[in-house]
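Over in TrEMBL, the protein carries these features:
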{"type": "TRANSMEM", "residues": "180-199", "note": "transmembrane segment"}
{"type": "DOMAIN", "residues": "224-358", "note": "domain 'P-type ATPase A'"}
{"type": "TRANSMEM", "residues": "383-403", "note": "transmembrane segment"}
{"type": "TRANSMEM", "residues": "409-428", "note": "transmembrane segment"}
{"type": "BINDING", "residues": "Asp468, Lys469, Thr470, Glu591, Phe633, Lys657, Arg686, Thr766, Gly767, Asp768, Arg848, Lys854, Asn877, Asp878", "note": "ATP binding site"}
{"type": "BINDING", "residues": "Asp468, Thr470, Asp874, Asp878", "note": "Mg(2+) binding site"}
{"type": "ACT_SITE", "residues": "Asp468", "note": "active site, 4-aspartylphosphate intermediate"}
{"type": "REGION", "residues": "509-536", "note": "region 'Disordered'"}
{"type": "DOMAIN", "residues": "901-1003", "note": "domain 'P-type ATPase C-terminal'"}
{"type": "TRANSMEM", "residues": "935-957", "note": "transmembrane segment"}
{"type": "TRANSMEM", "residues": "963-983", "note": "transmembrane segment"}
{"type": "REGION", "residues": "1010-1055", "note": "region 'Disordered'"}
Amino acid sequence: MADQIPLYPVRSAAAAAASHRRAAYYSATGPGPGADRRGRYQLEDESAHLDEMPLMMSEEGFENDESDYHTLPRARITRRKRGLEWFVCGGWKFLCTSCCDWLINVCQRKKELKARTVWLGCPEKCEEKHPRNSIKNQKYNIFTFIPGVLYEQFKFFLNLYFLVVSCSQFVPALKIGYLYTYWAPLGFVLAVTIAREAIDEFRRFQRDKEMNSQLYSKLTVRGKVQVKSSDIQVGDLIIVEKNQRIPSDMVFLRTSEKAGSCFIRTDQLDGETDWKLKVAVSCTQRLPALGDLFSISAYVYAQKPQLDIHSFEGTFTREDSDPPIHESLSIENTLWASTIVASGTVIGVVIYTGKETRSVMNTSNPKNKVGLLDLELNQLTKALFLALVVLSIVMVTLQGFAGPWYRNLFRFLLLFSYIIPISLRVNLDMGKAAYGWMIMKDENIPGTVVRTSTIPEELGRLVYLLTDKTGTLTQNEMVFKRLHLGTVSYGTDTMDEIQSHVLNSYLQVHSQPSGHNPSSAPPRRSQASTPKVKKSVSSRIHEAVKAIALCHNVTPVYEARAGVTGETEFAEADQDFSDENRTYQASSPDEVALVRWTESVGLTLVSRDLASMQLKTPSGQVLTYCILQMFPFTSESKRMGIIVRDESTAEITFYMKGADVAMSTIVQYNDWLEEECGNMAREGLRTLVVAKRTLTEEQYQDFESRYSQAKLSIHDRTLKVAAVVESLEREMELLCLTGVEDQLQADVRPTLEMLRNAGIKIWMLTGDKLETATCIAKSSHLVSRTQDIHIFRPVTNRGEAHLELNAFRRKHDCALVISGDSLEVCLRYYEHELVELACQCPAVVCCRCSPTQKAHIVTLLRQHTRKRTCAIGDGGNDVSMIQAADCGIGIEGKEGKQASLAADFSITQFRHIGRLLMVHGRNSYKRSAALGQFVMHRGLIISTMQAVFSSVFYFASVPLYQGFLMVGYATIYTMFPVFSLVLDQDVKPEMAILYPELYKDLTKFRGTVGDQHGSEHSSNEQTWSWNSSRQPTHDPQGRGREGDPFPSRPSSFGF
């Protein structure tokens, strides 16, 4: 139905007539400038239609009839403030921000990024100056540290007020008491803050220095030279050993592997733990020796630095050959910085360094996080200051403005300044330190580290939780669960039957005389053209297992045993194929799971290179297959294929596997595939359809000639290659359907259920494929089985985005699944509408997201909803998201500690987030709120006594208490109530976890916090005042009245 929705609204008759008259006028002008103006007018008019037709974002007037799309309501138009009203209502802040940004841009002189030509081994030939290859995560330098820290402290009104009051005591006429009574608390707060920032900054400096000081081998004309990572320049030839980090973005030139390829680990870049296969430039790989790289005249043309880590366009040119050699470069020829070499030794030419590398461009700068409680207290301080000014003016007025009244006014301001006591900051900071210590000492969440001690209360105010998938919700370990052949299905408990069938089938083949091998080929060829006959279950299992063992991009890797020399480490002839040291590497964990399963049933992949692969049968026989063609998996095709030739029979077979949506139209007609795919998907399994087609030698030669011709074409190469491959994808024989399960982290399902019951909305942001993300969302119960899933169709322009958003608007209570590309288009034109619709969903899944997009989504949620957000991840690609959220949580896992080190809180397992939020987050927020209220009430008592004293003694501006008595009252004399509030516990931790609704109850009186700038803080003040007058009754069990299992709300801020 969405395809039939018109893009253009029905305009009024008058507007239509006016448009017709304009068109008639321009047509009357005839050819020439008038006609040109008419065409230009039409384009502008058509592009303006979408502006006139905003998305409908309310229920009013929405019916199921298609005509409703013609009468979409107008967009909300707000009156623009002008002149003095605009300046007072925030214009001054906008002007100051704009001026500061302009000054920063002028000082930094940010240059425009351009494409470049890089000569091999000749950095001096670079036409432009490129940034140093150094990593810098520090916030300050030696000159900006003190000013920066002081600015971060005194930009809040609370601290600035304390500073002004303390400085006023240097004026003799305004001096109220001793200087230490004012400067000692302020100095203590500043000293603690500066010391904490200095320690954090020094740790960041040490980490940066360690990374920048790593040594690498640089290839020069005189041989190898050791250089620091920070001294690497564009054009250098760098040698990177196995298990060594790649220091900068490079083009892959040579490798020690015979196949001309290597594997790299990209977990710190894109969050995927699977190894990626990279291919060296064939021209440089064919050179006899490593030193020959300096004997040729060659250069690399690279596109300008970009954010996209999944694409690259460039060319390699060798000029000294006749004719010159030109090779196109793609993403498979690149080695991005922050990835790890997993196999062999690689040599690359540096093309991007420092700030221009993909990893740095996808990492946002860290920001100082301030808790919402601190912001609310800052606003409340302003309100109390106004009350303080009013009270002082009243006192001066009652005094009759006698004498130097302005001096008395300022003295009254100082006398009543205890309404906003400086001990508030001291007590809150001490409380936050205690909360952090309690979190790290909790035995139920071992290994938890508090890295940012200033925002523990944020854990008790979260509304949105944005989580990564790989390594966070899942273990990224695939397990083969189901094999379906159409008439029979095999699960984990019946795999032994498959093993026996495979063993018997290969024993029968092995028992046949070897002389029959040549004569066995013609019958197989003729079988391809004859009608299909019904095969036995054993033969069908044999074909299915062989297809799964051949159709993949998995490579077996053998590690050397202890005591084995390097010379025999990679010698395949001496390698034991049953060696337990064999591991499988592939670009997808699904592939590894399938190959491991074929090994468990008897058919083992023992070796593979770019031209062949070998399988070992249960009887020990080694079968060799030549790889003729390879068609890798892409997100567009959703399938991968391979053409192999069996060397024993010379039979050529085309195997293909892929998603059911792509394979259903390729395989022969059947009546079970769609139903079984649905059944497996409901179980949370990731399905793959496997099919084959037998080719004759003539058919393959014809295909190869057309395929080679298509690959050499200049225009529309991708389309022509796809068309040739699709000519083979016809009437393929359906072999089987496989189901693989991605193992979830421990207790993920109950933890997500607990968070939902606590009122927290969960979004999953992943760089993985759409199908994978959807399966994990179902299996983890992020999306319940009763909920519908709306998969946002790919959109590329504004019109498609408009139609798809309107189609999604019709859905109710369904989860949203959207890809990063579609998200980018929608945010460009309909940012507010998309976020508003997505926030109404019970769950949102964003797949194929780059690190920058993850951070952008978090920022959009914070800006549009003004709710508190939390981001959790475990990889380097999650750092930007973690830093952009109000509260960032990192998990120490397989993908390293980069996310853990950048986060505010570090945990070891996802399930620990339940106790971290329900117990510690809730307690921290409740305690800090009650503590702030107590300190303010304590100051009000002193100020009230001072007001009564001054009124009795003819409104004299004389202090009631002096000296150490006031400091002692704010610290030692009232310390026990402070400690009792910091250690207060209304319910046991087990009760808080059992009833997560208690967490949701905290936000009941804060439903409008942050929704509107003008009224958010005043409503909070009224709520706090109203709640402070309420004293609920608790029984000894901590329960409310009438046996309510949920405890009553405590009498503190907003509860």
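Using N, Cα and C of the backbone, Cβ positions are placed for all residues, glycine too.
Summed and averaged per residue, pLDDT over the domain 'P-type ATPase A' (224-358) gives 87.
Asp468 (ATP binding site) sits 7 Å from Asp878 (Mg(2+) binding site), taking the CA atoms of both as reference points. Assigned with DSSP, the residues of the domain 'P-type ATPase C-terminal' (901-1003) fall into helix, strand and coil as follows: 69 helix, 3 strand, 31 coil. Only residues 6 or more beyond the boundaries of the transmembrane segment (180-199), in the same chain, are considered here, and those with a CB under 8 A from a CB of the stretch are 145-146, 149-150, 153, 159, 162-163, 165-166, 169, 422-423, 425-426, 429, 453, 963-964, 966-967, 970. With Asp468, Lys469, Thr470, Glu591, Phe633, Lys657, Arg686, Thr766, Gly767, Asp768, Arg848, Lys854, Asn877, Asp878 listed as the residues that bind ATP, the site has a largest C-alpha separation of 31 Å. Proximity to Asp874 (Mg(2+) binding site), judged by a C-alpha distance within 10 Å, picks out Thr470 from the binding-site residues Thr470, Phe633, Arg686, Gly767, Arg848.
Each of the binding-site residues Thr470, Asn877 was scored by other CB atoms within 10 A of its CB, and the lowest score goes to Thr470. DSSP places the residues of the domain 'P-type ATPase A' (224-358) in helix, strand and coil in these numbers: 23 helix, 53 strand, 59 coil. You'll find the Cα of Phe633 (ATP binding site) roughly 25 Å from the Cα of Asp878 (Mg(2+) binding site). When Cβ atoms from all protein chains are considered, those within 10 Å of Asp878 (Mg(2+) binding site) total 33, not counting its own. The binding-site residues examined here are Arg686, Arg848; by Cβ neighbour count within 10 Å, the least packed of them is Arg848. For Asp878 (Mg(2+) binding site), the nearest of the binding-site residues by C-alpha distance turns out to be Thr470; the candidates were Thr470, Arg686, Arg848. Most buried of the binding-site residues Asp468, Asp874, judged by other Cβ atoms within 10 Å, is Asp874.
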